[in-house]
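A quick write-up on the structure given underneath.
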Amino acid sequence: MKDIIFAMAVRNVKINILRSILAAIGITIGIISIASMGMLGTNMTASVTDSLSSMADKLSVSPYSGKGGGGGPPGMSGDSDNLTKKQFKDIEKIAGKYGYVYGVHNVRAKVKKGSDEWSTQVYGLETDAMRTILDNLTAGGYPSTDNSVLIGPTFASDNDMEVGSRFSVGGSGVKVSGIIESRGMTMDLNTDSAIVMTKDMYESLFGAKDEYNQANIVLEDINDADAVTTALESQMNRREETIRVQDSSRMVSMISSSVTTITSFASLIASISLLVAAVSIFNIMMMSVTERIREIGVLRSIGTQKKEILRMFVYEATLIGIIGATLGMILSIIMGYFFILIMVGSTKYFFTYDSLIHLPYAMVVGLIICIFSGLYPAWRGAQMDPIEALRAE
């Protein structure tokens, strides 16, 4: 009997194939939405984590302004105060045994070349720090005169500059002595679109003598990050908060939390399409029960039990769900791949377990919704009186 009931369910789905497909499409759209949002969040988090892992050995220490949260990210001016000479010496004393400590000046300054004028980030470093941190140049050499500077590769390409090019920054004429190798996003210096000059030249143009916007630490052992952070915060913020320490692990945690919140909200919105699909399946199953009242009456009169009638309609709802879920999974892989390629810029993590696990999750949710949507119509059909059903027109 079980095989016959299932065969009848398959037959009924085939007879009303167009209606079944339309109902399945709702499930398909819902699964695509939920799976794509989940995979996007996973890929974004993995991409950011991978980018920041390369800077796990770097810490950035900046002054705590105490005015609304303390400004922007490391390497960008924003705090109203600088690190004093004493604070920098204290940082060197505490963190120096764990790695290399150097001070950084930075400001956003006006740049002029011919008739073109724009603004960009300018860094000032000690000569030793410049050679240690920016140890790879794609062209030229380090500044040897007071008016020579290094520029980032993006700055060079965007403004058609090369070694020997001249322009003005902060109202003073300078010459390009070298071009820095691309470093991407880093915790210490974001130099790709910036200008780097010696500390003395920076102070002559922008002031802030013997003060720094931030102090950077390159750790010898990345496992010391927490110990250094704790030591700096406990010793330098003992009486009041004077500094803030940022490391990649904290940034990863913060960004991952933000991405998770956003994708969870987006998935919640996307799940509305599944609710719409549930209503559609409910209506279709109710129509199916109404149209087949006499069929139900015949089946009941020849001895078919209520549970068999119930199972037949549940099978139909499940088959619609399987069709929609299968189609949704296939389209989720195809559309999700290109969606992530556009949004993230890479599909490096697309075929990982953490990314693809969202597919079966979305499919299971879709199937459960289909089954629950068909339960009441199935129960109603099973409860029909066979005599009354046979009399129905």
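Placed from the backbone N, Cα and C atoms, the Cβ positions cover glycine too.
Just so you know, TrEMBL annotations never went through curation; they're auto-generated.
Annotated features, as they stand in TrEMBL:
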| type | residues | note |
| --- | --- | --- |
| COMPBIAS | 66-75 | compositional bias 'Gly residues' |
| DOMAIN | 20-234 | domain 'MacB-like periplasmic core' |
| DOMAIN | 268-386 | domain 'ABC3 transporter permease C-terminal' |
| REGION | 63-83 | region 'Disordered' |
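Mean model confidence of the domain 'ABC3 transporter permease C-terminal' (268-386) amounts to 88 (pLDDT, 0 to 100 scale). Residue counts for the domain 'ABC3 transporter permease C-terminal' (268-386) under DSSP, split into helix (H, G, I), strand (E, B) and coil, are 101 helix, 0 strand, 18 coil.
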